[in-house]
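All remarks here apply to the structure that follows.
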Amino acid sequence: MILKDLLIEGYGVLKKASIGSYQIDAQLLLGKVLKKDRLFILTNPDYHIKEEEKEKYFQLIDLRKNKMPIKYILGTTEFMGLNFNIKKGVLIPRPDTEILVETVLEEIKNKNYKQICDVCCGSGIIGITIGYTLNNTEIICYDIEDIPYNTTKENILKHNLQDRVKALKSDLLTEAIKEKRRFDLIVSNPPYIREDVIETLMDDVKKYEPFEALCGGKDGLFFYEGIIKQSLEVLNDGGTIAFEIGYDQKIQVSHILNEYGFKDVLCIKDLAGKDRVIKARKY
């Protein structure tokens, strides 16, 4: 069988399954099987496909047909121009999180912060992007779950950042408190979706992405309060705390920050004009 014919079959299966991105997904999956980039797939229609390659391709097509996210199948994703390993068990990075990273990068540069903490780090994209961009920082990425912890370690090695980025296991900031660490900036994209909203999410999210990385408790605020409360013991005076938030959580998260004595609370909107990032300072 030639590449063009196999690709057309893949298109048909995914289109029938109502996968909106059926063409690009089929191309990327074939590229994964052949270990070729998408340009090769698009410019070599007569390339001969072996039987075992065909079988492997349709195994992957079947996963996508059943709504497994394409990035889990590929095992990689891009974030702010960097490539990261991801797998089932870690949240798939969203473009919205780039607003958070851009905000904290500016904060770190403006205030000459050195000691940075990424809590609920998932695949490590926030801490690693900071470390990759700013080589005069020291970053600790915390997560309590094995898969995120190990994935973050893989991504640190992938970008050769072992000298300034570390992954450690911790329930929020518990280990940082035990070890009496101090940070200039704490950043987090914690689970923040309300429990009752999870069931309304798209199939590829609620069926495959980890519940514990999505659900922020009954009101969506559980992790914000936990991190903010613990941060008082490890965040330096004059330090900054920054979060990604849900579009409707500005008032509640601002209230928690104020309750714990944080000042200069500022909310930043995303490109769609929705509240997306909140930051505040400890005095």
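Each residue, glycine too, has its Cβ placed from N, Cα and C.
Note that the structure is a prediction, hence the values are computed from the model and not measured.
What Swiss-Prot says about this one:
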- Asp143, Asn189: S-adenosyl-L-methionine binding site (BINDING)
- Asn189, Pro190, Pro191, Tyr192: substrate binding site (BINDING)
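Rounded to the nearest whole angstrom, the C-alpha distance between Pro191 (substrate binding site) and Asp143 (S-adenosyl-L-methionine binding site) is 12. For the substrate site, the Cβ centre of Asn189, Pro190, Pro191, Tyr192 serves as reference, and the other residues of the chain with Cβ at most 8 Å from it are Cys120, Ser188, Ala213, Gly216, Phe223, Tyr224, Phe243, Glu244. The binding-site residues in question are Asn189, Pro191, and the one with the fewest Cβ neighbours inside 10 Å is Pro191. Just so you know, the Cβ of Asp143 (S-adenosyl-L-methionine binding site) picks up 26 other Cβ atoms within 10 Å once every protein chain is counted.
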